[in-house]
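Here's the structure we're looking at; comments come further down.
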Amino acid sequence: METAMCVCSPCCTWQRCCPRLFSCLCCKFIFTSERNCTCFPCPYKDERNCQFCHCTCAENPNCHWCCCSWANDPNCKCCCTASTNLKCYYYESHCCRNVTITFRKGRLRSIVTSSKTALRVGSSDTQMDEPKTMPASSHLVSHLTCPMCNRLRLHSFMLPCNHSLCEKCLRQLQKHAEVTENFFILICPMCSRSHCMPYSHQMHLPENYLRGRLTKRYMQQHGYLKWRFDRSSGPILCQVCRTRRIAYKRCVTCRLNLCNDCLKAFHSDVAMQDHVFVDTSAEDQDEKICIHHPSSRINEYCRSDNQLLCAFCKIAFHNGHDTVSLIDACSERSAALFSAIAKFKAVRYEIDNDLMEFNILKSSFKADKEAKRKEVRNGFLKLRAILQEKEKIIMEQIENLEVSRQKEIEKYVYITTMKVNEMDGLIAYSKEALKETGQVAFLQSAKILVDQIEEGIQNTFRPDPQLRLHSLHCIPLDFAELSNAIHELFPTGPKKACSSGDSLPSQYPIHSEMMIARKVTFSTHSFGNQQIYQRSSSLISFNTANDKGKMGLENYGRAQSAAPAKTTDGLYTYWSATGETQPPQSSNSFHNWYSFNDTSVRTPGPIVIYQTLVYPRAAKVYWTCPTEDVDSFEMEFYELVTTPPNNVRTELCGQIRDILQQNLELHNLTPNTEYLFKVRAINDNGPGQWSDICKVVTPDGRGKNRAKWGLLKNIQSALQKRF
């Protein structure tokens with residue numbers, strides 16, 4: 001570190017320009033040339049608010065204030081943003097809040113205390129390690145922050161329950177933990193599980209290196225300065241020379257960090273041309289140190305317990321377990337992670353459709369509700385009008401019936417009364433005739449009187465039985481029955497799809513299309529019963545593999561692994577997978593997860609080469625497995641040969657059949673040579689489609705091995721096109 005000189009007056013030290021009262025570390029960070037050092041640590045701890053006024057979006061922390069006179073680049077103008085940053089952030093220094101600094105022609109004029117905040121550039125509550133300025137749409141930050149303090153931390157440690165906490169929160173838990181003899185019981189704040197940890201001031205928990213790397217990358221992209229002040233990251237020293245110079249390269253073969261002089265002195269021999277060199281990284285060195293045996297390095301992975309192992313851990317705790325090398329473990333976990341991502345993308349497609357459907361349904365509720373209310377109102381108004389019309393008609397019928405009935409009764413009473421009066425007179429006349437003593441006079445009129453009485457009896461009619469009924473009984477109205485009929489016409493409520501209260505919504509179907517790659521090692525000199533066909537050919541020999549229309553993964557539909565959802569009459573539809581699938585049967589095929597009809601059996605679909613690991617004289621290729629049944633794989637690899645004048649042709653190096661694994665390792669390759677690989681699957685119905693051409697270049701003897709873990713670009717593009 002060079003001598004701290006004042007930027008305003010280089011001829012004097014910064015203490016002469018700045019009063020002793022304001023000789024804080026922040027002022028030193030501004031007024032001295034130490035501001036140009038990117039590894040200068042922050043003068044305050046993480047939990048304090050003072051980070052001064054650094055321009056956090058600068059690639060180098062040289063712009064320290066809103067005034068660009070502090071920047072090394074006078075053309076900065078507070079726009080010294082990196083390509084990945086979107087905004088320019090400043091942080092307020094709480095220790096200099098009452099200081100007013102004025103300048104005149106680039107020289108320090110005075111430093112006056114004031115009751116006002118002179119350096120108030122940003123919010124006083126802004127923390128450089130709190131993700132407050134992050135966009136709300138960022139879902140990654142929730143997995144990077146500590147769940148207790150909700151801050152971004154470069155170093156977090158994993159509990160046995162797989163929850164990660166920062167060191168500060170772990171120390172707080174340790175203070176309040178219950179101590180039992182030489183152990184303290186640590187309770188996870190996330191899942192409330194108890195863990196027995198040794199009572200010590202050292203941290204006996206593995207560090208979550210993946211979260212640390214992702215957090216550092218996140219800070220670099222979003223303008224956080226905390227990653228620059230990481231005290232744990234220091235220079236890597238040479239492990240060979242005594243002067244302990246800074247290491248320049250690391251030899252993977254020798255497992256040593258070498259400076260430039262030692263590299264030339266000990267690795268310039270021809271015998272060491274196959275050694276692999278990589279750049280030195282403190283993160284890689286710390287990650288491979290066993291937490292239980294600091295003197296040993298991690299070199300294997302236990303499949304049984306899913307743990308990283310060193311040589312001592314394997315002998316002591318994992319003897320007899322299924323262990324693999326780190327390279328093969330990375331390959332398997334990469335394939336498993338890719339398969340899990342593919343499964344979720346298939347489920348996410350259905351989830352997005354469901355969410356979109358419900359969002360549309362939710363937004364249409366208000367408009368549909370008003371329309372429905374209007375429809376119900378108009379309907380009941382019509383019903384009321386009909387009832388009122390019926391009431392009017394019935395009332396008129398009752399009135400008319402009463403009037404007509406009264407007329408008929410009056411007519412009957414009048415006619416019958418007249419007839420009765422007439423007959424009463426005739427009867428009185430007949431009674432007087434019976435009193436006559438003269439026979440001639442009686443006999444002269446007796447017959448006539450009898451005939452008149454009988455005729456009068458015959459002409460006297462009985463009343464109509466309908467006249468005896470009451471007028472209200474003529475119009476029968478059972479209002480109780482009408483009310484019940486009306487209630488039955490209207491529905492009581494919406495019908496549910498599942499009437500049983502015990503039934504629960506089923507999960508989304510999982511479309512499993514990938515298998516975890518298994519360990520296998522092949523070489524061109526140890527294939528056993530397998531056949532290798534050697535021949536020369538040009539690019540025309542595999543023109544079908546370059547046919548983009550045939551080889552594109554998007555041209556192949558997803559296998560129908562389950563029946564479509566059954567439609568129901570209700571609002572909700574659930575996936576019914578019961579009875580659709582069968583347990584896997586034991587067979588020699590790779591893939592027998594789903595039951596297919598005989599008509600659906602076909603040749604294997606396309607596969608994807610998702611990972612390659614290339615050495616100077618060897619290469620290892622990993623590929624996925626299609627959804628159809630597979631008996632074996634077949635590979636062809638070509639070498640690109642350059643012939644004068646600048647002509648490039650392909651030469652078939654080998655054709656390998658009956659491969660029973662999802663990876664293949666080839667040896668005896670030529671360094672600094674370009675190779676092309678393609679793979680296809682074979683079953684009883686014949687060979688499937690060739691995969692896309694995978695091009696690799698073997699490095700020279702002094703280069704580093706080239707490997708890509710995780711998803712390759714062709715996997716990502718195929719995944720995006722497919723989903």
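Placed from the backbone N, Cα and C atoms, the Cβ positions cover glycine too.
Sequence-distant neighbours of His318 (Zn(2+) binding site) (same chain, 6+ residues apart, CB-CB distance under 8 A): Cys302, Ser304, Asp305, Gln307, Leu309. For Cys290, His293, Cys313, His318, the entry in Swiss-Prot reads Zn(2+) binding site, with the evidence type sequence analysis.
Annotated coiled coil per Swiss-Prot: 382-412, in sequence order, evidence recorded as sequence analysis.
Residues annotated as domain 'COS' in Swiss-Prot, with sequence analysis given as evidence: 434-492.
Here Swiss-Prot flags 603-701 as domain 'Fibronectin type-III', drawing on sequence analysis. Across the domain 'Fibronectin type-III' (603-701), DSSP helix (H, G, I), strand (E, B) and coil residues number 0 helix, 56 strand, 43 coil.
Under the heading zinc finger, Swiss-Prot lists 146-192 (among others).
Sequence annotations record features per position, and here Swiss-Prot assigns zinc finger to 235-280 (among others) based on sequence analysis.
Annotation comment: Swiss-Prot describes 285-326 (among others) as zinc finger, evidence class sequence analysis. Tertiary proximity for the zinc finger (285-326) is limited to same-chain residues at least six positions away from its ends with a CB under 8 Å from its CB atoms, namely 204-207, 209, 232, 236, 255, 257, 332, 519.
Ranking the binding-site residues Cys290, Cys313 by how many other Cβ atoms lie within 10 angstroms of each Cβ puts Cys290 at the bottom. DSSP places the residues of the zinc finger (285-326) in helix, strand and coil in these numbers: 10 helix, 11 strand, 21 coil. The record gives Cys290, His293, Cys313, His318 for Zn(2+). Within 8 Å of the mean position of their Cβ atoms, the other Cβ atoms in that chain belong to His292, Ser296, Ile298, Leu308, Leu309, Cys310, Ala311, Phe312, Lys314, Ala316, Phe317.
Its Cβ taken as reference, His293 (Zn(2+) binding site) is surrounded by 14 other Cβ atoms within 10 Å in the chains shown.
When the zinc finger (146-192) is classified with DSSP, helix, strand and coil residues number 9 helix, 15 strand, 23 coil. For the zinc finger (235-280), the DSSP-based tally of helix, strand and coil residues reads 10 helix, 11 strand, 25 coil.
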